[in-house]
Amino acid sequence: MKKIVLLGYMGCGKSTIAQNLSKTANIPFLDLDKCIEKRADLSINEIFEKHGEIYFRKLEHEMFLELLQSDEEIIIGLGGGTPCYANNHELLKRDDVVSVYLKASIDTLYNRLIHNKSKRPLIANMDEEEMREFIAKHLFDRSFYYNQAQHKLPVDGKSVEETVQEILELLA
Ligand SMILES: Nc1ncnc2c1ncn2[C@@H]1O[C@H](COP(=O)(O)OP(=O)(O)O)[C@@H](O)[C@H]1O
Ligand SMILES: O=C(O)C1=C[C@@H](OP(=O)(O)O)[C@@H](O)[C@H](O)C1
Ligand SMILES: [Mg+2]
């Protein structure tokens with residue numbers, strides 16, 4: 001069965017959209033970060049603090065592979081860095097994967113992340129100016145991987161419901 005995989009930068013809405021798409025389409029969803037937290041019995045922040053990012057990327061790769069083994073149709077919300085490490089972007093090309101890049105501008109990401117940074121270890125300690133600069137550079141570096149997605153969906157200015165509807169149209 002097909003796995004619907006949502007990817008994109010931190011704050012683009014992967015977790016929010018996966019949950020809402022799941023309700024609307026009646027397809028179960030899993031958030032990769034939540035699965036990692038459950039498996040490690042630690043929050044994402046604690047994993048980064050205690051074991052470092054490289055260890056997190058290892059868990060992330062293993063968990064992504066595990067979720068892709070599901071025989072059920074599922075929606076998977078990735079973490080922002082998932083496609084950019086451990087050749088995970090190659091997994092997006094599998095025949096049983098439909099991948100959707102939720103493409104948000106630097107402004108949209110900045111405006112969301114400024115109020116939502118504490119649970120994101122890569123940006124948690126940045127001030128506003130630092131964060132804008134970081135997002136701009138980081139998004140540029142990661143775009144190559146995000147653009148491997150089968151579908152690229154601009155999300156700026158769209159409500160959760162609009163984005164969900166547009167994904168349903170892509171899947172139809
Ligand atoms: N139109 C929208 N679509 C998606 N998220 C939105 C939208 N408007 C505001 N948000 C907020 O932006 C944040 C997106 O965060 P999240 O879903 O965790 O993204 P990600 O998992 O990609 O990091 C949430 O706090 C969500 O409520
Ligand atoms: O972009 C990244 O490298 C990360 C994004 C986070 O997920 P969200 O994109 O859901 O915030 C989470 O996996 C971790 O903090 C690292
Ligand atoms: Mg998320």
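The backbone N, Cα and C atoms fix where each Cβ goes, and this holds for glycine too.
Binding of ATP is attributed by TrEMBL to G11, C12, G13, K14, S15, T16, and the same site annotation extends, among R94, R120, to R120. Of D33, R57, G80, R142, all annotated as binding-site residues, the residue with the shortest Cα distance to G13 (ATP binding site) is G80. Look at R57 (substrate binding site): DSSP puts it in a helix. Each residue in G8, M10, I17, G77, G80, L102, R112 lies on the same chain as G11, C12, G13, K14, S15, T16, R120 and has a C-beta within 8 Å of the C-beta centroid of that ATP site, without being one of the site residues. With a CB cut-off of under 6 A applied against ligand 2, the binding-site residues S15, T16, D33, G80, R120 are reduced to S15, D33, G80, R120. Looking only at the binding-site residues K14, R57, R120, the densest Cβ neighbourhood within 10 Å occurs at K14.
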